[in-house]
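*Asks:* There's a structure below that I have some questions on.
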């Protein structure tokens, strides 16, 4: 029989609650056990990882120890190498010192030997030492089919004639020979010159005129630029090869090769180092520049009174750097090859550096010679256009001028002046001392000399009134003349300046 009472029911409930708490505690203990199991596993993993890290650390410590050992070995190797280098440098230093001592000894021996040789040469009168001096008309220019010569003078170091025999040889070589070309402004009027056929150069002869002097003689057959080679004992002498321009025989001139047109009253003419032809156009108040075939390259200049302008330009010359010197109305100008003004001097007057219608301009020995036309004198300037001196005064006597038009120099340094007023060519030395005159009488008499040009042994004079070109020998002896008044080929109308180019043509 069951007894039911409030107490029993309370106990029953307490027992159920206790059982429930017991189950919860068991579940909590199971969860805690599981967590502990997880922690044990994590601890095991961490211990394993620590073990691996310790092993890795141990391995790296071993590697580090090995590396340190390698560095120690390398340091030892470097120290050994440095010791070897030090020993090698010491060896090299000793060897260099020995070489220097040997060189010093060699120098002393050479100096001693040189002193012995010098003493021996002095005792022998220095007979085996010589120098060469070359001179003569054929050194820079010659004429086709006309013999010319060059003298080779041998002297010893004391200046005495060299007497021992030597082998002197020479050869003439044709370098360039220009041929006229059809161009719009350069029209050839004769296709072939009588001397332009290709021929071998005639033999160059060498003759001993004295024990210390040799004469090199040759007769060129081709017009143009040549090279003259002179050798002594198979060695080129100082200055060889020499540039020789061979010009045509003036007796065969008179047949134009080309004509340059389109100019306004051309007056002066000159060539620069590029063989460009520069023409002063008196009526155009400008300078025109052409190539060697007659093709116009450029022009510069305009009419005006400012320093870089010009009025009626006449005389023209160029220097070694292709600067251009121009005389125009009462002034003298210096331009670059491109037409840029460098300097301008002068005004109308008769004082030093003043002009009255200047004409011909020539450069010689780094000085500028200007024909001061109506002041009847030659004014001389340096290349910077500073006044140097004046030569001559008005008159008909020796050393006097009347309206000088042009001035030129021969290879001996003598000055030739074309006097328009006196109708003559007067020859003087550079100091102004009279030498001779020609062209005033007889065959070849000049009516109005206006231009001069000297090539080889000939003086070409343009006769403004006679409308011709008159040719003389350097001595003043008449040779020939060509041209007459007219507008056809080979005819002239008041010719002014005259010059030539390396191709041998007369312009």
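Using N, Cα and C of the backbone, Cβ positions are placed for all residues, glycine too.
According to TrEMBL, the record shows the following:
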COILED    15-123  coiled coil
COMPBIAS  178-189  compositional bias 'Low complexity'
REGION    177-198  region 'Disordered'
REPEAT    133-246  repeat 'Filamin'
REPEAT    342-384  repeat 'NHL'
REPEAT    388-431  repeat 'NHL'
*Asks:* Going by DSSP, how much of the repeat 'NHL' (388-431) is helix, how much is strand and how much is coil, in residues?
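*Replies:* Per DSSP, the residues of the repeat 'NHL' (388-431) fall into 0 helix, 22 strand, 22 coil.
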*Asks:* Taking residues 6+ outside the repeat 'NHL' (388-431), which of them lie with a CB under 8 Å of any CB in it?
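*Replies:* Distal contacts: 137, 139-141, 315, 352, 359-360, 362, 364-365, 367, 369, 371-374, 376-382, 437-440, 445-454, 459, 461, 464, 472, 474, 476, 497.
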*Asks:* Average the pLDDT scores across the coiled coil (15-123) and report the rounded value.
*Replies:* 86
*Asks:* May I have the DSSP-based helix, strand and coil counts for the residues of the repeat 'NHL' (342-384)?
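*Replies:* Its residues divide into 3 helix, 25 strand, 15 coil.
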